[in-house]
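Only one structure is covered here, and it is reproduced in the block below.
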Amino acid sequence: MSESTGIPQGSPAVGAAGSAPAAPGVGGTECSGAAVGSARIAVKKAQLRSSPRPKKLEKLGVYSSCKAEGACKCNGWKSQNPPPTPPPPTPPRAEQPTAVSLMEPCRSCSHALGDHVTHLENVSEEEMNRLLGIVLDVEYLYTCVHKEEDPDTKQVYFSLFKLLRKCILQMGRPVVEALESPPFEKPSIEQGVNNFVQYKFSHLPSKERQTIVELAKMFLNQINYWQLETPSQKRQRAPDDDVAGYKVNYTRWLCYCNVPQFCDSLPRYEATQIFGRIFLRSVFTIMRKQLLEQARQEKDKLPPEKRTLILTHFPKFLSMLEEEVYSHNSPIWSENFMIGLSGGQIPTVVSAPPVNRSLYYSSSPAPVELAGGGSVSPARKTASVLEPNPGGEKRKPAEPLSHEDSKRPRVVGDIPMELINEVMSTITDPTAMLGPETSLLSAHSARDEAARLEERRGVIEFHVIGNSLNQKPNKKILMWLVGLQNVFSHQLPRMPKEYITRLVFDPKHKTLSLIKDGRVIGGICFRMFPTQGFTEIVFCAVTSNEQVKGYGTHLMNHLKEYHIKHEILNFLTYADEYAIGYFKKQGFSKDIKVPKSKYVGYIKDYEGATLMGCELNPCIPYTEFSVIIKKQKEIIKKLIERKQAQIRKVYPGLSCFKEGVRQIAIESIPGIRETGWKPLGKSKELKDPDQLYSTLKNILTQVKSHPNAWPFMEPVKKNEAPGYYQVIRFPMDLKTMSERLKSRYYTTRKLFMADMQRIFTNCREYNPPESEYYKCANLLEKFFYTKIKEAGLIDK
């Protein structure tokens, strides 16, 4: 199970200089020992994880409570021969000390080491290595607690220390709870700066606009590595500012962005993705001042081609951005900001290990290799503050190129973006659309359309609520919970009222409530099981006089988006005979994707009900899904109309059928080729499934054996390429293709070729042209099409 802890507000920053954090508050300036300290942690973890299993058990035993008979209260095994304090320096390449025997008695309780680690007997190496990583994070935070002088900072260190210590004892996963879960503001800083570039510079020529994009990337990256001043320093520097609000964001930044950079057992987020305008306002002034000051100090180190960018364009960029940051009515901070049709967007800023580098941007940075293997992301970045993209990460996203500058090959049959934009401008412009007024809902509108419009007008609201034993009850929430109890009891008459009351008011259960005119008219009661990877839906109902209005669909869509935000992508529920139809419409089926071992013993079984499941796609915005589908249909319809308008010639109807002909070849229809239709070569599509399978298997084997196939063998790992799955909406790899081929998914060559092409297209979309991945994609693509032609699946 996941462990969580509340973090006190206004806690000072955490550093990572040397073996313990540096004093917080030096905004933006990093200590020279930062990278060394983080690298040291990574090396220690690598060494410990490579130790023999007895040594690992000894290390974990120190943090494991005694399980000997007699209810021993010892909370950790202690050696009879404790190491000296401080320990002697370890000589280079020294052999690891021999692990003690499992029969070695504890200095505290006299029970054997084996009595402390009985719960680890059947634990996998992967899980044990995860726990060992937490152990080293605990030891590091312990040092921080003792060396830190600031009481607020010490308190945060101690809170995180206790959280991780508890996770080791209970073999759980740490969850930091500071006020609420990220993101804390919408739109985010990243989106706001992206909007700013579109709002102010979309009219510029491509090359000039690209300069602005580079400056924006530099600025966003700097925020992700900026060291905030402590609340006390903030109070001294700007006593009139909202220090209380600053403390809240400061604590969030500390827990979600700063500490996880060197304690990687904690979840980590980028500041630009979870904070927004309020956070940026609190740091912008001092940040701008120090950025420009360092730029002037390092101007002699800049190459001539970068001096104008850094010394001239960057100050102007910051001045213009400052106006929008502090303006009360700037459109860039609107969630409904419409991105202009021209210009590229700023890609997601991906965090990466820092390297010592000069002020200017290098397009091909070198990675930092560590003795223990891999690379680390320290708490404080030693690179220059104006560095736009610290190097060393795998598969970093390329800078956006405008359509006229892009030389990347397009997917076969892809529609030009200019045409899409032109069609979009038509279907979104009421003056350009002909036909009757559409103020009323059409007969073919989506089920949730009416509910969506009511939500926009403020007629209905959605709130996730639940009972709490830790906080004073909120009167409004308690009233809503009572309302939910009444709705569920009335709509589910066969369910005992006491049972409904117990679950609705159970602190482990939450309810997504639908509020209209201040009262509850529906809701979905659920319980989340994060460690098992699913959520159980317990009750789902809308009051009878409010049904058939799309509320049920919109309610479920909100629940799906809530779970995507919390990274739980599976729903399970027991549906009775009356609810099966509803759940089927919401994407549920009897084909359960969650392994049975994950949910047996966790969810409630109901007699006469059917277990149904739903797997969520994190790429789908469910509350707007029907709108997106509708718009896609309109785009396709307009594209067809344009194609029809281009075909001016009108042919007479076919008369051959009147003469007794039963069927004709499609290609013999007059004018069919002019519409863009292409005949499929007779030898191209293999009709024998076994022959097709054999041919595709042979091609895939040759592709996987190619020397340039190594980057595409398995799915991209999130920790190797942060943000990859936000940039690439439809990932594909050779391992997935092998599994699909084995399951006979590829019933036609087109499906096979589409997946293979997606691998190459995704790679070129995410990586810069000069990268090794980009080159591998081009070479492997050429090899693939050679083999496809040799197999006779396409024309040579």
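In case you wondered, yes, glycine gets a Cβ from its N, Cα and C as well.
Summarising the annotation, Swiss-Prot assigns region 'Disordered' to 1-32 (among others).
Summarising the annotation, Swiss-Prot assigns compositional bias 'Low complexity' to 10-24.
Annotation comment: Swiss-Prot describes 77-97 (among others) as region 'Disordered'.
Among the features that Swiss-Prot reports, compositional bias 'Pro residues' is placed at 81-94.
Feature annotation from Swiss-Prot assigns region 'Disordered' to 371-408 (among others).
The compositional bias 'Basic and acidic residues' annotation in Swiss-Prot covers 392-408.
The domain 'N-acetyltransferase' annotation in Swiss-Prot covers 469-617, and the record cites sequence analysis as its basis.
When Cβ atoms from all protein chains are considered, those within 10 Å of Glu536 (active site, proton donor/acceptor) total 20, not counting its own. Under the heading active site, proton donor/acceptor, Swiss-Prot lists Glu536.
The acetyl-CoA binding site annotation in Swiss-Prot covers Cys540, Ala541, Val542, Gln547, Val548, Lys549, Gly550, Tyr551, Gly552, Thr553, Tyr578, Ala579, Ile580, Gly581, and the record cites similarity to another entry as its basis. The number of other CB atoms found within 10 A of the CB of Gly552 (acetyl-CoA binding site), across every protein chain shown, is 23.
Secondary structure of the domain 'Bromo' (687-791), assigned with DSSP and counted as helix (H, G, I), strand (E, B) and coil, comes to 70 helix, 0 strand, 35 coil. Taken from Swiss-Prot, the feature domain 'Bromo' covers 687-791, and the record attributes it to sequence analysis.
Taking CA atoms as the reference points, Ile580 (acetyl-CoA binding site) and Glu536 (active site, proton donor/acceptor) are 15 Å apart. Here the Cα atom of Glu536 (active site, proton donor/acceptor) is found 18 Å from that of Tyr578 (acetyl-CoA binding site). In the predicted model, the domain 'N-acetyltransferase' (469-617) has a mean pLDDT of 89. Secondary structure at Tyr578 (acetyl-CoA binding site), as computed by DSSP, is coil.
Around Val548 (acetyl-CoA binding site), no same-chain residue six or more apart in sequence has its CB under 8 Å from its CB.
Secondary structure at Cys540 (acetyl-CoA binding site), as computed by DSSP, is strand.
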